[in-house]
């Protein structure tokens, strides 16, 4: 063939692995695809937009008084908002599972997998966009929180650290949901299974209420529930100090546990998900 | 126009673009591919013909690195499908039975995305997308979401998507299944044009005889994971048996007397002359050219005036029936069956 070879990736060995730059470009193109999908189907953003509003209102006004005493709403808002930060990550991450599952029902995945791109870039492109959706959800959550009187008693860098921690943990959770999305047959099954994982973790945690009133076995469970660890870390990062009956660990321990969980979840589920993705027919 | 060459060390020509030897893929007890051999010569179109569940889609999936075969070997453009999957992916284009584009994205957005994934610069990706939209008559629908496209437009978009990287080898897996006859013709025209203008080698699977006849120079007939026949389309038809001699008399009144005269003549091996009133012809199955001359001289000797004579090769449906002893069915799309099998296997 006489035409000049302009593709640097192919110039040498056709079997050569892709360079980092090519991978980043592919992830960019695939992330753009996911963004365009959201643009075409704005309803798919409802979870990120509405959930933070509904949950802050619901919990503050329905449970706030009961838990912290009438008139102590302010105190509950300061307790709840960091907890909900942990929850947002989990709920948004869930959507990635159904998305991956739906993709496989269509021919477009065959096209991606028969193209000279790294197969994980399809998944990473999705994760990038989901992290963006999480940021939107957290921004709305904080806006709602500030309207209801949420205070950051520390400083901006610490607030950002709390947000960052929530995003890191949310990204780790996504691998679980991607694995579910690749393993189960229908988007409905993925949704159902995700709820099954989500509900006990969510309510068996310190997200909504302090754990000191729970029975001993449950309190023990919440202590090592990563959502509690993340909620506590976000509380201590934004509130500085908390009464010892409201948090279960010190700041350092909470952050450490959260990161350990995020690392462990990714280390176990990401390779499984990528392998499943590669071998899926 | 800058060309992205995904096929730098393409052989000088004349060789086989695809070489498959003893390819096996089993799903549990089901032998989707049970030792398939086939070659596609560079620059030609090979039709892989078979009924539902014959293994056509499994074959394409193995050749496009979506499935790893259990045994046997397959080379595409000289690359091993098992050992050099990345090189294969740089060489091929794939158009599946179900349009493999993102339905939510517009035609342009789909093609642009694929251009970027094939490492074109933003500018080149845009230009190539526009060029292909124009080429496949989709410019007007460029901004519409693919889900709003008609069946034919989707297949055209799918073909365009497969052509972005100038593939050396293109797989068309049942490209017209589920399309109405008019749209089918439209897709055939596009495929023919692509083969002519882009010098691309095509492996086409189909369960339509007519499609194979239209597009393919050579045919491989597969059934239950095995190759049951192969060769040039005409050779294959001739192999199955004779031709049918179609004789048109000047006067319709001569139809029955002519058929009677042929029967009475008792020519060696010629029997079963019958009249087709609808087309005004006498049809005579024959096996050799001698028989043809014999029939004609009998009619001449009896003083019949003939307006025209044609010989017709048997249709591919008849060919298939003769080779496999089984009728072709085209009611259920094949991939649906194979997908199910794959899920069971997984």
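Backbone N, Cα and C atoms are what each Cβ position is placed from, and that goes for glycine too.
TrEMBL has this to say about the protein:
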type: DOMAIN; residues: A:43-280; note: domain 'ABC transmembrane type-2'
type: TRANSMEM; residues: A:48-68; note: transmembrane segment
type: TRANSMEM; residues: A:80-101; note: transmembrane segment
type: TRANSMEM; residues: A:122-147; note: transmembrane segment
type: TRANSMEM; residues: A:159-182; note: transmembrane segment
type: TRANSMEM; residues: A:189-209; note: transmembrane segment
type: TRANSMEM; residues: A:255-274; note: transmembrane segment
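The listed stretches are A:122-147, A:159-182, A:189-209; of these, A:159-182 has the most Cβ pairs under 8 Å to the transmembrane segment (A:80-101). The highest tally of CB pairs under 8 A with the transmembrane segment (A:189-209), across A:48-68, A:122-147, A:159-182, A:255-274, is held by A:159-182. Tertiary neighbourhood of the transmembrane segment (A:255-274): same-chain residues 119-120, 123, 165, 168-169, 171-173, 175-176, 178-179, 182, 224, 226, 229-230, 233, 249, selected by CB-CB distance under 8 Å and a gap of 6+ residues from either end.
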